[in-house]
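Trainee: Structure below; questions to follow.
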Amino acid sequence: MKELLKETGGYAIIDGGLATELERHGADLNDPLWSAKCLLTSPHLIHTVHLDYLEAGADIISSASYQATIQGFEAKGYSIEKSESLLRKSVEIACEARNTYYDKCKDDNNKILKKRPILVAASVGSYGAFLADGSEYSGIYGDLITLETLKDFHRRRVQVLAESGADIIAFETIPNKLEAQAFAELLDEGVVKIPGWFSFNSKDGVNVVSGDSIKECISIAETCEKVVAVGINCTPPRFIEGLVLEIAKVTSKPILVYPNSGERYDPERKEWVENTGVGNEDFVSYVEKWMDAGVSLLGGCCRTTPTTIRAIHKRLVSRRSLFSSSSSSSSHH
């Protein structure tokens, strides 16, 4: 991660929302597997969306595995072998999109971006995302769920994703401290050979969604050597700056944010409540503030699009050129 940030002038761009883009391209995601359903029905659409984000300026693309779990596929009647191959496929599609992008760079000199380092992140959703009942937005799992339950639930999936060619594992939308602890212990066990990032979500701008303290959650990540960046995702833009200022007090790792558009998701109706969010212009107007607060990796989550990412890229280009002109020229040799 430090290498990537060195090459990108101190700031890197994460991609935006996947599910809403897949729907825009015609996918039907009304399913507990959500965007992971496309791994079965329309992998070419996932490839298209990844490529759209790379062409918009993303330096990091996340695999369509957020809702993909071995247990979820098994509930649909797939064998363990098939389930594991679908997990691998999610990362392979992202890697293929990166190759397609590189090939396009050779042919086309008008790209906004030339060939550059691109990381593929294997996305891991929380236990709540597998439940598909909205509990990743509450973080309340009940007393039956222990640290060991969570480790057992995630272990094989994390291992398969880590061995499938990804550069990093994105532990996303982590709703509580217990699950962060489970992920940290899995990384420390040594079954995973690639680094990870931890990203939490908040609905009040003070704590993570379960009510656990953001500082305590970040501290768990801070003590885990395998974690190379920490931050916030799937949280309304207006809360980001305050959270980042808190996070910066307890971490020395790069801070990442990829907020949602600020719209509210209704888990009962399984749809987004329109008009509760901010438009692209407003979303992007926050970007400077976030960078000033200490963010070095930024992108979007639910309901953000390649247009959002392209706009962030525009903002970053000016920021990066300031960064490189002020840093010593010796680093360019």
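Every residue gets a Cβ built from N, Cα and C, even glycine.
A TrEMBL annotation is a machine prediction, not a hand-curated record.
Per TrEMBL, the feature Zn(2+) binding site maps to CYS234, CYS301, CYS302. Residues annotated as domain 'Hcy-binding' in TrEMBL: 1-316.
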Trainee: Output, ordered by sequence, the same-chain residues six or more apart from CYS234 (Zn(2+) binding site) with a CB under 8 Å from its CB, or 'none'.
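Mentor: Result: GLU172, THR173, ASN201, TYR258, PRO259, ASN260, CYS301, CYS302.
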Trainee: Among CYS301, CYS302, all listed as binding-site residues, which has the most CB atoms within 10 Å of its CB?
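Mentor: Result of the Cβ crowding comparison: CYS301.
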Trainee: So what's the average pLDDT for the domain 'Hcy-binding' (1-316)?
Mentor: 91
Trainee: Around the recorded Zn(2+) site, report the further residues of that chain (criterion: Cβ within 8 Å of the mean position of the Cβ atoms of CYS234, CYS301, CYS302; site residues excluded), sequence-ordered.
Mentor: GLY17, THR173, ASN201, ASN233, THR235, TYR258, PRO259, ASN260, GLY300, ARG303, THR304
